[in-house]
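Chemist: Let me begin by handing over the structure; questions about it come next.
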Amino acid sequence: MSYKVAVLAGDGIGPEVMAEARKVLVEVEQRFGLDITYSEYDVGGAAIDNYGCPLPEATLRGCEQADAILFGSVGGPKWQHLPPDSQPERGALLPLRGHFELFCNLRPARLHDGLESLSPLRADISSQGFDVVCVRELTGGIYFGKPKGRQGEGETEEAFDTMRYSRREIRRIAKIAFETARLRKQKVTSIDKANVLACSVLWREVVEEVAKDYPDVTLEHMYIDNATMQLLRRPFDFDVVLCSNLFGDILSDEIAMLTGSMGLLSSASINGSGFGLYEPAGGSAPDIAGKGIANPVAQILSAALMLRYSLKQEDAACAIERAVGKALAEGFLTGELLPAAQRDQAKTTKQMGDFIANAIQDGV
Ligand code: NAD
Ligand code: IPM
Ligand code: MN
């Protein structure tokens, strides 16, 4: 089968981890007889530097012609002085999500057997396991609601964002959460703030309606503040965590860290036609960029999600996931996963990519 993938490596650690994902993809292509053509485009700060805007026309057109987008990360201190809509995040990533209507964001996080010590949780909690999928609504809510902006001046100047959700937007993401739960442990925890927000009251109502079509799936509702702490106290009780845009953003960093690192969490942002953008859930990590020490696993696992959801190559996706599992199980770890005293044993970004690529070549 032949496919076209638009590669948008972006800023900070983006190009570093993307290089390792590409290396791994070369091996799966060979092993599974795939023919993937990659086209690289500038995005984010890199595009601002080269073209004066974060999402150049050529980048958008390239994405439109592709079967999927493999995305690194965008943003960093260098571009934070620009007007908000000209910055990499609001000028490139959010418009891409909106343009392709990538409403469904899946972020799967798992504490692998035997790797409980990677979690910052107490051993009696981490030993009970952790395996969740965060199903996050990605093109609505307070991120995209209008009006948004500033008005007035002096001490009366104010800024405003609008949180809005339609029944349709809630229903389509809720359905995905229930379908996902059906293939897992049949439980959905829907996160909201229905004790305060009108959007959350509607959210609860619609999720209840959708639940009626899934009698085999247990539904619970949880307020966002409680959820942040229940995830620390009893993470093993969660299966599918259904969130609005903002709450999913916050909880996904928490679930990443529960498994050990932001550098482990992959992310798939998909529309109704199966087209998707695949990116690590974390950012450009300016604090470690350029040092060759970033964990490439989130980017590599995002490539696996691309193979699964947009290219429909389940076997190739599973091979990547097994190879990553092998690396972690053998204690092949980047520095942020190790206690300070063991950092001298840390593997580099490139060593991780090589190990995972070799494991695929060896038929893992
Ligand atoms: P961040 O996710 O970039 O970094 C948070 C912490 O996690 C840092 O200590 C970083 O070193 C660590 N980390 C993240 N990824 C890692 C990896 N692969 N390996 C090892 N450690 C890793 O979040 P931030 O510092 O708040 O944001 C930095 C920039 O990235 C900002 O401009 C932000 O807007 C942007 N951002 C972009 C995306 C995206 O493009 N998808 C996502 C999140 C943040
Ligand atoms: C994420 C990121 C983005 C978000 C930012 C960079 C716009 O934090 O993908 O989690 O808030 O969605
Ligand atoms: Mn985020």
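The backbone N, Cα and C atoms fix where each Cβ goes, and this holds for glycine too.
Below are the features I grabbed from TrEMBL:
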BINDING   76-89, 283-295  NAD(+) binding site
BINDING   ARG97, ARG107, ARG136, ASP225  substrate binding site
BINDING   ASP225, ASP249, ASP253  Mg(2+) binding site
DOMAIN    4-356  domain 'Isopropylmalate dehydrogenase-like'
SITE      TYR143  site 'Important for catalysis'
SITE      LYS193  site 'Important for catalysis'
Chemist: Across all chains shown, how many C-beta atoms besides its own are within 10 angstroms of the C-beta of ARG136 (substrate binding site)?
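Modeler: Excluding its own Cβ, ARG136 (substrate binding site) sees 29 Cβ atoms within 10 Å.
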Chemist: Name the residues of the same chain, 6+ apart in sequence, whose Cβ is under 8 Å from the Cβ of GLN80 (NAD(+) binding site)?
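Modeler: Those within reach of GLN80 (NAD(+) binding site), by Cβ under 8 Å and sequence separation of 6 or more, are GLN87.
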Chemist: Among the binding-site residues listed here (ARG107, ARG136, ASP225), which has the Cα closest to the Cα of ALA285 (NAD(+) binding site)?
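Modeler: Going through ARG107, ARG136, ASP225 one by one, the closest to ALA285 (NAD(+) binding site) is ARG107.
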Chemist: May I ask which of the binding-site residues PRO84, ARG107, ALA289 have a CB within less than 6 Å of any atom of ligand 1, listed in sequence order?
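Modeler: Near the molecule: none at all.
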Chemist: ARG97, ARG107, LYS193: which of these recorded positions has the sparsest Cβ neighbourhood within 10 Å?
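Modeler: Counting other Cβ atoms within 10 Å of each of the recorded positions ARG97, ARG107, LYS193 gives the minimum at LYS193.
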Chemist: Between the binding-site residues GLY76, PRO88, whose Cβ has more other Cβ atoms within 10 Å than any of the rest?
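Modeler: Neighbour-count leader: PRO88.
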Chemist: Tell me which binding-site residues (GLN80, ARG107, ARG136, ILE293) have a Cβ under 6 A from ligand 2; sequence order is fine.
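Modeler: Going through GLN80, ARG107, ARG136, ILE293 in sequence order, none turns out to be close to ligand 2.
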Chemist: Among PRO84, LYS193, ASP249, ALA289, these being the recorded positions, pick the one whose CA is nearest to that of ARG107 (substrate binding site).
Modeler: ASP249
